[in-house]
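Peer 1: Sharing a structure with you now.
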Ligand SMILES: Cc1cc2nc3c(=O)[nH]c(=O)nc-3n(C[C@H](O)[C@H](O)[C@H](O)COP(=O)(O)OP(=O)(O)OC[C@H]3O[C@@H](n4cnc5c(N)ncnc54)[C@H](O)[C@@H]3O)c2cc1C
């Protein structure tokens, strides 16, 4: 980024200005309703848009007026932002597509604004506009922003994502609540009965020329990308937007029968799972329209039921962040707060991020993540497990790294999944993956490993799970010297795993016991609710530490327990 948001001399102005807003309506009484789009970049099944069309009608008594708005917030760009440039480019695709969606129904399109959203929205409110937005599930920054938007500007947030809010026991009857939301009619509006307003961006404006000179900066995806020097460096990034999302949904459903066989291998999953996560993350498609399309068009069978269970998982993890916003920075179980902090080793963290740990499946995955912004579930879980259980590093740094690089990065899923994978909830059983077994099981031909760790290409396939054990004669013959071309494992896997388990299970009875505390049970937001949390506390809260003496299968990936038992029938 070269537009230093903290440096006033170069900061981009807040746009649109008050005059442009005032010129829209003859008087405040004639102003309509702003639809503030954030993570709902679609016009179909959009709660805020439907509510705006309704409330605008009630207010005017004539043709309702709606102004769809997106605010480019400097907090998400450059050094202040947490997203890689490829994710920002994906978002910008989605915005161009949203603009097209409005035009396709005869409206003039989307209004782009730039600046602190509260300041921008206040200008509309001062000019008499009501403002409505779909309530979303966000981290700290978004929560504070939305609280301010409600308090200072009077933004009306409408629910519509199926999640349970403000309930004493959110998990009671939760699945039934989601099912009834999925079955309900989509949010609807009639474009023929709504006048859509727009403040046009001046196509001739050049962000680089105008910046810092007080000139009229016209925010568009292009001018904002230029001003903030958005330079995506990843490859294989899907095109953003609803049209691309719909294509993907339709082509996936045509081959959904192959889905169960494709989820685990990182090669097969690339085209074999739906690839819908970034479209769901940015709301190009609503989750329930995906659900509806699948139930109406996919053949009955395991592929369909497995996929539908994943859509429930999406809601399940989002519900967790609704129930406790602290998932992003604190261990959900206080007993595990700070776990691994005393072992923080920046060199180990750097090796993990760079894909240079000496564990080929981890290294291939981490390089693939950095290069393409996507990994299948199993490889995400493997990398999180090795990072926390084997390298024994603080979970949050790893989770932030994922959050930066994933195109589908969703705070509500990423951080909750990280804590679940690491074992910070205090449920019994660890999801401890063995990176060597993953090579043998998921990449027996070495296609994934050698694609992303090409220096191992000449090594015979049977050594790809443990290159460090390759006989010296073989290394010499194929010209790959372990320790030179490719590192030895940065830690001794067995010793590190045992050390971790000892520490973890020593603390586990105390952690399990804490799940009996109502505030902690609420945070954990298990699918079985407080009863499930209490049952864990009773059964494991006083138990002796589990054995770490090798009595369990050393090569297995252990502890597959998840808190998704309600949706697990087809796993
Ligand atoms: C450490 C870790 C971090 C993760 N971070 C994210 C994230 O930031 N954003 C994200 O969308 N997913 C995340 N996941 C979940 C999962 O890996 C991705 O949703 C999935 O790989 C996306 O590919 P897909 O759309 O082809 O999935 P499909 O298998 O086609 O699934 C369809 C949809 O179901 C949902 N889904 C699938 N698996 C899960 C799951 N385990 N938990 C919750 N929802 C699920 C997603 O919305 C997904 O798009 C994470 C998993 C782990 C282990």
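These residue numbers are counts, starting from 1, taken along the chain as shown.
From the backbone N, Cα and C atoms, a Cβ is placed for every residue, glycine too.
Nobody curates TrEMBL annotations by hand; they come from automatic prediction.
What TrEMBL records for 259, 273, 274, 275, 276, 277, 307, 408, 409, 410 is FAD binding site. Annotation comment: TrEMBL describes 549-561 as compositional bias 'Basic and acidic residues'. Per TrEMBL, domain 'Photolyase/cryptochrome alpha/beta' is recorded for 31-163. Feature annotation from TrEMBL assigns region 'Disordered' to 536-571.
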Peer 1: Look up residue 274 (FAD binding site) in the DSSP assignment and reduce it to helix, strand or coil.
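Peer 2: The three-state answer is coil.
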Peer 1: Once near-sequence residues are set aside, which residues in the chain of residue 276 (FAD binding site), 6 or more away, have Cβ atoms under 8 Å from its Cβ?
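Peer 2: Once residues fewer than 6 apart are set aside, residue 276 (FAD binding site) is near 245, 248, 249, 252, 285, 290.
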Peer 1: Just checking: which of the binding-site residues 259, 274, 276, 409 have a C-beta under 6 Å from ligand 1?
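Peer 2: From 259, 274, 276, 409, counting a Cβ under 6 Å from ligand 1 as near, the near ones are 274, 276, 409.
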Peer 1: Under a criterion of Cβ-Cβ distance under 8 Å and sequence separation of at least 6, what residues of the same chain contact residue 259 (FAD binding site)?
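Peer 2: Those within reach of residue 259 (FAD binding site), by Cβ under 8 Å and sequence separation of 6 or more, are 252, 272, 273, 274, 303, 306, 307.
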Peer 1: Measure the Cβ-based neighbour count of residue 307 (FAD binding site), defined as the other Cβ atoms within 10 Å of its Cβ.
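Peer 2: Residue 307 (FAD binding site): 23 neighbouring Cβ atoms within 10 Å.
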Peer 1: Please list, in sequence order, the residues in the chain of residue 409 (FAD binding site) that are at least six apart in sequence and whose C-beta is under 8 Å away from its C-beta.
Peer 2: 83, 87, 281, 402, 403
Peer 1: If you count Cβ atoms within 10 Å of the Cβ of residue 274 (FAD binding site), leaving out that atom itself, what do you get?
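Peer 2: Summing over all protein chains shown, residue 274 (FAD binding site) has 21 other Cβ atoms within 10 Å.
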Peer 1: Would you list the DSSP helix, strand and coil counts for the residues of the domain 'Photolyase/cryptochrome alpha/beta' (31-163)?
Peer 2: 64 helix, 25 strand, 44 coil
